[in-house]
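Have a look at the structure below before the remarks.
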Amino acid sequence: MVRSVFTQSSLYGLLVLLGVVGNVLVAGILSWGFLQQRSIEQSDFILLNMALSNLLVSFFRNILLFLSGLGMEAFLSQSWCKIFMCLWVWFRSVNVWMTFCLSAFHFAVIRRNKPAPSAGLAPGHASQEMRRLLLVIGLVWVVNLIYSLPLLMFSTRGSLNSTETLMVISSTTRPLLGCVWNFPSRYSGLAFATVSLVVHEALPIILMLGTNLATLYRLGMHGRSVGAVQESLPRRVPAERKAAKVILLLIVLFIVPWGTSLVSLNYYNYNRGPSGEYLVIIATFSNSLFIALSPLVLAAGHSKLRSKLKHLLKRGGPGRGTAS
């Protein structure tokens, strides 16, 4: 039993460490590029926010889960429990919708048949596009915060032997730091868990799949009708198709662990049974897979990011140039 717990904690700790290091590198390289060039491409700005949301989930939830698995016994006050439960749901929800923003942005770029604004375009046009993106990204953070605020009323500090009787997909998968959900009734808790599942899990997943498949379809249509599109577009199709495949891989990497966590936690919520404990363990691992592996996918598919990462490893500092 002790060996099994040690193995689980070690594997989970490896996932958490991989997620923290990978996302720190992604966020650091993109931030350094912005400081050097005083500009940032819109897709990189979305990736930066996605990496930041990954790090917030890791620092405020996954690392604490890892320490808890090692036997750390720490308990927050009731007020801090309310704050942390709210933060867990907020950061996780932002993480989901930020992943959708990346897919939606790439679809919008392909749909208008021209590159996204960057430093090379007219300053006025680029700034207008960036302001629009800032508004969207800001809304993602603010709207999800507003959604999470009511949870301040539905969480509390449990006792030493408390067990979680309800699992909300967006939150932690076990009592952490002594914090548990405290809904007025089991039915109201299940109602919230269901709404959370639909609005912050199922809906963005469906939208991600729809926008990415639509992107691949439009790229295929452009490839078959070269004469009917802009002259510069055919040269971009291979690069855009590669970007679409990277984003599709990110979405699949998001959906598979999400589906595993979804099945596990819904079985726990509605059926329980002797396998409930093992399903919660599976859900805990599943919730960390995307955060751990998404930086590797970006490093493999994002040429500029990969180039800067190689430069960082060779010279010991972020590069000043960009790769084509």
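Glycine is treated like the rest: Cβ placed from N, Cα and C.
Bear in mind that TrEMBL entries carry predicted annotations, made automatically and left uncurated.
In TrEMBL this protein carries:
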{"type": "DOMAIN", "residues": "22-298", "note": "domain 'G-protein coupled receptors family 1 profile'"}
{"type": "TRANSMEM", "residues": "12-35", "note": "transmembrane segment"}
{"type": "TRANSMEM", "residues": "47-67", "note": "transmembrane segment"}
{"type": "TRANSMEM", "residues": "87-109", "note": "transmembrane segment"}
{"type": "TRANSMEM", "residues": "133-154", "note": "transmembrane segment"}
{"type": "TRANSMEM", "residues": "190-214", "note": "transmembrane segment"}
{"type": "TRANSMEM", "residues": "246-267", "note": "transmembrane segment"}
{"type": "TRANSMEM", "residues": "279-300", "note": "transmembrane segment"}
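Counting Cβ pairs closer than 8 Å and at least 6 residues apart in sequence, the transmembrane segment (12-35) and the transmembrane segment (279-300) reach three or more and so form a contact. Contact between the transmembrane segment (279-300) and the transmembrane segment (47-67) is supported by 3 or more Cβ pairs under 8 Å, counting only residues 6 or more apart in sequence. Note on the domain 'G-protein coupled receptors family 1 profile' (22-298): mean pLDDT across this stretch is 75.
Non-local neighbours of the transmembrane segment (47-67) in the same chain are 9, 12-13, 15-16, 19-20, 23-24, 26-27, 30-31, 34, 40, 84, 87-88, 91-92, 94-95, 98-99, 101-102, 137, 140, 172-174, 176-177, 284, 287-288, 291, 294-295, 298, 302, 305; each lies 6+ residues outside the stretch with a CB under 8 Å from one of its CB atoms.
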